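Single-structure report; data block below.
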Amino acid sequence: MKRAFIMVLDSFGIGSSKDAEKFGDKGSDTLGHIAEACFRGEADKGRKGPLHLPNLTALGLGKAAEASSGKFPPGLDKNAEIIGAYAYASELSSGKDTPSGHWEIAGVPVLFDWGYFSDTENSFPQELLDLLVEKANLPGYLGNCHSSGTVILDQLGAEHMKSGKPIFYTSADSVFQIACHEETFGLERLYALCEIAREALTEGGYNIGRVIARPFVGDKPGHFERTGNRHDLAVEPPAPTVLKKLVDEQGGEVISVGKIADIYAHVGITKKVKATGLDALFDATVGEMKSAPDNSIVFTNFVDFDSAWGHRRDIPGYAAGLELFDRRLPELMALVKEGDILILTADHGCDPSWPGTEHTREHIPVLIFGPGVRPGDYGYRDTFADIGQTLAHYFGLSPMAYGKPFF
């Protein structure tokens, strides 16, 4: 029986990569800076004391972080017995965004440059805005700028509810985001608007990675909240991922938990399970692992590390999330049977101590656990695609164009 379980702790970087300087991210270290803040007693809101991650540490997280950054994260046990394979990897892809990281994990690095809306005000071309107003029959639009998703709701949410004008905004990522109130604007109407935007961006040659529906609820500034009904409309990966190969070459199953299906534009996915929040994502993952058949991948993205704590620069929240994940990790490990492998990794960094609100260019951890996996140091990997190549080799698929297998 061969099954692989891939857990992406979204944004869980472990130290800036060699090329971080060109992204303005030299010195960033998501794990390291969280651990240091906890150790200094500066992250005691909702939790207390040094960062406590015994199960991730036993899989080699501390050792991988030390190899990446030169510093062992304070609070973790330097003398823990290592029961997993560990490594750290740098990104070959040109960006530090979610699709690039995930596609590269699945063996397909993004070697082209995404399009971006780089102007912080009046960010979108007028012809694009006019087209959206016309095609979607809109009374106008709000935003048209770079913004944090929560800040823009406080600024424009009330006006949106009154006027019916959707809020358009972007960031340093290759994204076009649309925020609308679930009740006054309507969720299905928001999704339909995002489909129109996706088509317009693709046909217009803007080369934008994702259109993101950002529904929210609430009745006044300070009370607006984004809901779990986010929907990402991504372009398709430029080549077959290891997920698609498993389905096409072996008739295998690929089960998406959380936003994985959206990230791969639903290509190479045979089942989708929606869940919102760390515990709910964990529960759904446990359920799918219990029933996953032979020749299957269960692939989960734990988005809260990025969206709730990384972008919002919430160090105590990120630390508490990591500790919750670590407490529940033995539930996943107990479901790993003979022939199975469990892979824990990330897609980029999002250092909550770093200036701004954007992702950070960092190494990612690669932690692998299973009865047939030799524990120990698997060194530095020069592309996330080593994960995809490992999966291709493990399942007996045709090799990927990039990456070297771990074993």
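Even glycines carry a Cβ here, placed using N, Cα and C.
Taken from Swiss-Prot, the feature Mn(2+) 1 binding site applies to Asp10, Asp347, His348. The Mn(2+) 2 binding site annotation in Swiss-Prot covers Asp306, His311, His359 and is backed by sequence analysis.
Of all Cβ atoms in the shown protein chains, 25 besides its own fall within 10 Å of the Cβ of Asp306 (Mn(2+) 2 binding site). Long-range neighbours of His311 (Mn(2+) 2 binding site) (same chain, six or more residues apart, CB within less than 8 Å of its CB): Ser148, Gly149, Cys350, Thr357, Glu358.
Shown in sequence order, Ser11, Lys96, Asp97, Ala172, Asp173, Asp306, Gly310, His348, Gly349, Cys350 are the residues of the chain, 6+ apart in sequence, with a C-beta less than 8 angstroms from the C-beta of His359 (Mn(2+) 2 binding site). In three-state terms derived from DSSP, Asp306 (Mn(2+) 2 binding site) belongs to a helical segment. Cβ proximity to the Mn(2+) 2 site centre (mean Cβ of Asp306, His311, His359, cutoff 8 Å) flags the following additional same-chain residues: Asp10, Ser11, Ser307, Gly310, His348, Cys350, Thr357, Glu358. For Asp347 (Mn(2+) 1 binding site), other Cβ atoms within 10 Å of its Cβ number 28.
Asp10 (Mn(2+) 1 binding site) has a Cβ environment of 26 other Cβ atoms inside 10 Å. The local packing around His348 (Mn(2+) 1 binding site), expressed as other Cβ atoms within 10 Å of its Cβ over all shown chains, amounts to 32. In this structure, Asp347 (Mn(2+) 1 binding site) belongs to neither helix nor strand by DSSP; it is coil.
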